[in-house]
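**Student:** Handing you a structure now.
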Amino acid sequence: MSRLREKPYMTYGLLGIMVIVYVIMTFSGGTENTTTLLTFGAKFNPLIRAGEYWRLVTPIFIHIGFTHILMNGITLYFIGQYVEMLFGHWRFLGIFLTSGIVGNLASFAFSDSLSAGASTAIFGLFGAFMMLGESFSNNQAIVSMAKTFLLFIVLNIATDLFVSGIDIAGHIGGLIGGFLVAYVAGVSFGKVTPVKRIVALVMLIVVAIALFIIGMRGNF
């Protein structure tokens with residue numbers, strides 16, 4: 001049991017779910033087929049406005065094409081292990097899912113495109129590391145990793161600006177969601193002040209509600 005607790009089994013489990021969904025979709029019409037994507041729960045604004053709110057969650061586990069799942073899978077494999085180790089298994093899962101939902105809310109609010117992918121949640125894991133860098137600035141190992149991930153974030157978002165078909169709103173939303181929910185969740189090796197946790201929780205709720213309202217109005 002102790003060995004199991006040390007393993008990043010949540011990361012492995014999420015990867016397994018994504019692969020299983022990808023395989024099923026491949027044999028159900030193809031992962032790049034619009035009908036298949038909609039059937040399996042891709043983010044599609046008109047359907048969300050019609051009450052299919054689960055589409056704010058299900059896109060996290062759906063990928064469009066082999067390259068999409070390969071890149072997200074590799075990124076999740078590496079950063080997921082670090083975040084799961086530092087936050088603990090269940091906190092990690094909460095951060096991953098909440099980030100994905102906030103990212104999809106941002107996409108719902110600012111992008112009408114059909115979209116899917118774990119990148120919203122993965123950007124949230126990067127956001128969680130930014131929280132660690134701020135909260136534990138006396139830990140040089142964490143600060144060094146946070147700086148490395150910050151550079152990755154900047155380069156990735158800069159690339160998003162010049163590449164068509166990238167859901168930049170979802171990425172930024174996931175990043176912000178992960179940063180905030182990481183304060184709320186806390187870490188397994190230290191303490192986050194109650195004031196920071198409360199402020200982050202309030203901000204997270206306000207951001208989520210605001211994005212949902214904007215998305216439902218369909219102003220963008």
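Here, residue 1 is simply the first one shown, and the rest follow in order.
Just so it is clear, glycine is given a Cβ too, placed from its N, Cα and C backbone atoms.
Copying in the features that TrEMBL gives for the protein in this structure:
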- 51-185: domain 'Peptidase S54 rhomboid' (DOMAIN)
- 12-30: transmembrane segment (TRANSMEM)
- 60-80: transmembrane segment (TRANSMEM)
- 92-110: transmembrane segment (TRANSMEM)
- 116-133: transmembrane segment (TRANSMEM)
- 145-162: transmembrane segment (TRANSMEM)
- 168-186: transmembrane segment (TRANSMEM)
- 198-216: transmembrane segment (TRANSMEM)
**Student:** Check the transmembrane segment (198-216) against each of 12-30, 60-80, 92-110, 145-162 and return whichever range has the most CB pairs under 8 Å.
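**Tutor:** Comparing 12-30, 60-80, 92-110, 145-162 against the transmembrane segment (198-216), the winner is 92-110.
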**Student:** Mind checking which residues of the chain, 6+ beyond the ends of the transmembrane segment (60-80), have their Cβ under 8 Å from one of its Cβ atoms?
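**Tutor:** Hits for the transmembrane segment (60-80): 8, 10-11, 14-15, 17-19, 21-22, 25, 31-32, 37, 40-42, 92, 96-97, 100-101, 104, 116-122, 125-126, 129, 149.
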**Student:** Averaged over the domain 'Peptidase S54 rhomboid' (51-185), what pLDDT does the predicted model reach?
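**Tutor:** Mean pLDDT, the domain 'Peptidase S54 rhomboid' (51-185): 93.
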**Student:** Mind pulling out the one from 92-110, 116-133, 168-186 with the most Cβ pairs under 8 angstroms to the transmembrane segment (145-162)?
**Tutor:** 116-133
**Student:** Could you tell me what the rest of the chain brings near the transmembrane segment (92-110), counting residues at least six beyond its ends with Cβ under 8 Å?
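**Tutor:** Beyond its ends, the transmembrane segment (92-110) has Cβ neighbours at 8, 10-11, 14, 43, 45, 48, 55-57, 59-60, 80, 83-84, 118-121, 123-125, 127-128, 167, 169-178, 181-182, 185, 204, 207-208, 210-212, 214-215, 220.
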